[in-house]
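Just below is one structure, and these are the notes that go with it.
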Amino acid sequence: MKILVLNAGSSTQKSCLYDLTGDTLPQAPPKPIWKGDIDWTIATDHGLLEIKANGVEKKLNLSADDHLKGMSQMLDSLVQGETKVIDDLSEIEIVGHRVVHGGLNYTQATLITQEVKQTIADLIPLAPTHNPAHLEGIETVEKLLGNVPQLAVFDTAFHSTLPLEVAAYPLPYEWLEKGLRRYGFHGISHQYCVHRAAELLGKPLNSLKLINCHLGNGCSLAAVKDGISINTTMGFTPLEGLMMGSRSGSIDPEIPIFLIRDHGFTPEDVITVLNKKSGLKGVSGVSSDLRAIQKAIQEGNEKAQLAFKMYIHRLRFYIGAMLASLGGLDALIFTAGVGENSSEVREQACEAFGFLGLKLDQAKNESRPVDEDIATPDSKVRVLVIHTEEDWAIAKECWHQLTQK
């Protein structure tokens with residue numbers, strides 16, 4: 001079974017092709033047979049297409065203003081040249097899409113119809129940088145691959161189990177009735193990681209209390225009890241919660257009003273600042289990339305040092321909040337770009353929770369662990385580093401969709 005997975009961002013398109021054989025899914029995530037990534041931000045006048053297949057890596061510049069042509073060139077590499085892995089695009093049986101916001105409409109993976117597309121469009125105000133890109137990806141596949149089934153896998157679906165007292169804001173009740181509530185995000189990653197954690201721990205998921213720390217450019221935590229999300233840090237939009245690469249996370253809600261009322265900012269100005277010019281990037285003045293922040297710290301940059309200290313403070317603060325929701329903790333999980341690769345962030349985060357009996361094995365923490373427990377044998381809380389596999393999680397949903405027919 002050939003399954004194409006598309007993960008569209010505001011300025012990127014990441015894709016991969018899985019070839020699944022047999023009547024059951026493999027225990028461990030398989031490697032895709034082909035990967036294609038487009039970055040539209042590489043330069044002002046062109047994008048960059050990178051293809052990896054058959055041990056070959058190819059790069060190609062793309063016209064910056066023609067996303068359809070770029071996608072077409074990417075898919076052509078599946079059937080042409082050194083990166084050819086299939087004879088014809090018709091071999092692709094289903095296409096799975098990560099969709100950031102499904103609101104309350106969709107609590108599980110859903111075959112894409114005109115109605116589903118309209119809902120994704122209606123939710124653009126709640127996910128303005130992501131949902132338009134998802135729609136573009138869906139419609140591009142329609143143009144290039146015809147009537148192949150397409151499946152939407154929603155980042156919000158995993159958090160549809162949030163108790164109402166967690167999901168609701170302390171605002172007029174009629175606003176809640178109109179959908180102004182906390183939805184949560186990174187659900188595909190959170191769900192994958194807690195299932196993988198149960199496998200690594202050798203325990204049933206429905207017996208565990210877990211905190212999953214998805215720390216990338218976007219960051220969120222999820223408190224998961226018995227396999228169910230009971231709290232998370234992102235809310236109505238992916239802006240709430242932790243300090244992130246270029247996003248502010250939670251701030252005093254009066255600040256945007258103050259800027260608009262007294263300093264001539266437009267709502268669009270404020271949205272841009274909070275999403276793209278805040279977080280690590282805004283405080284440090286250096287970058288949204290933690291590696292650049294740490295390099296600047298070594299060079300004596302005090303603003304970079306402040307940014308890192310704020311990042312850790314807020315990470316600890318919200319881990320504490322998730323802990324309170326759970327009433328205990330079996331394992332603390334780190335995943336995504338920062339969570340998987342920054343031993344310093346893991347060490348600093350865990351340091352605050354020694355009172356739980358959590359003990360980090362320093363050697364394991366610094367050994368670039370993957371799907372590994374990095375706590376000491378006598379630690380009362382396990383600490384896991386898990387490589388998130390969002391693409392594989394989406395591919396599994398596609399497999400289930402086709403095999404359940």
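Cβ from N, Cα, C; glycine included.
Packing around Asn7 (Mg(2+) binding site) is summarised by its Cβ count: 22 other Cβ atoms lie within 10 angstroms of its Cβ, all protein chains included. Residues or ranges marked as Mg(2+) binding site by Swiss-Prot on the basis of sequence analysis: Asn7, Glu390.
Within the same chain, no residue at least six positions away from Arg291 (ATP binding site) has a Cβ under 8 Å of its Cβ. DSSP assigns Arg291 (ATP binding site) to a helix in the three-state reduction. Annotation source Swiss-Prot lists ATP binding site at Lys14, His214, Leu215, Gly216, Asn217, Gly218, Asp289, Leu290, Arg291, Gly337, Val338, Gly339, Glu340, Asn341, citing sequence analysis.
Annotation for Arg98 (substrate binding site): spatial neighbours Val5, Leu6, Asn7, Ala8, His134, Val153, Asp155, Ile188, Glu390, Ile394, criterion Cβ-Cβ under 8 Å with sequence separation of six or more. The substrate binding site feature in Swiss-Prot is assigned to Arg98; the stated evidence is sequence analysis.
As annotated by Swiss-Prot, active site, proton donor/acceptor applies to Asp155. The Cβ of Asp155 (active site, proton donor/acceptor) has 26 other Cβ atoms within 10 Å, all protein chains considered.
What Swiss-Prot records for His186 (among others) is site 'Transition state stabilizer', and it gives sequence analysis as the kind of evidence. Listed in sequence order, the residues of the same chain lying 6 or more apart from His186 (site 'Transition state stabilizer') and placing their CB within less than 8 Å of its CB are Asp155, His214, Gly218, Ser220, Ala222, Met234. In three-state terms derived from DSSP, His186 (site 'Transition state stabilizer') belongs to neither a helical nor a strand segment and is classed as coil.
When other Cβ atoms within 10 Å of the Cβ of Arg247 (site 'Transition state stabilizer') are tallied across all protein chains shown, the result is 26. Per Swiss-Prot, site 'Transition state stabilizer' is recorded for Arg247 (among others).
Each residue contributes its Cα atom, and for Lys14 (ATP binding site) and Arg247 (site 'Transition state stabilizer') these two points are 22 Å apart. Comparing local CB density within 10 A for the binding-site residues Leu215, Val338, the maximum falls on Leu215. Here the binding-site residues are Asp289, Glu340, and the one whose Cβ sees the fewest other Cβ atoms within 10 Å is Asp289.
A C-beta separation below 8 Å, combined with a sequence spacing of at least six in one chain, links Asn217 (ATP binding site) to Met244, Gly245, Ser246, Ser288, Gly337. For Glu390 (Mg(2+) binding site), the count of additional Cβ atoms within 10 Å of its Cβ stands at 23 [all protein chains shown].
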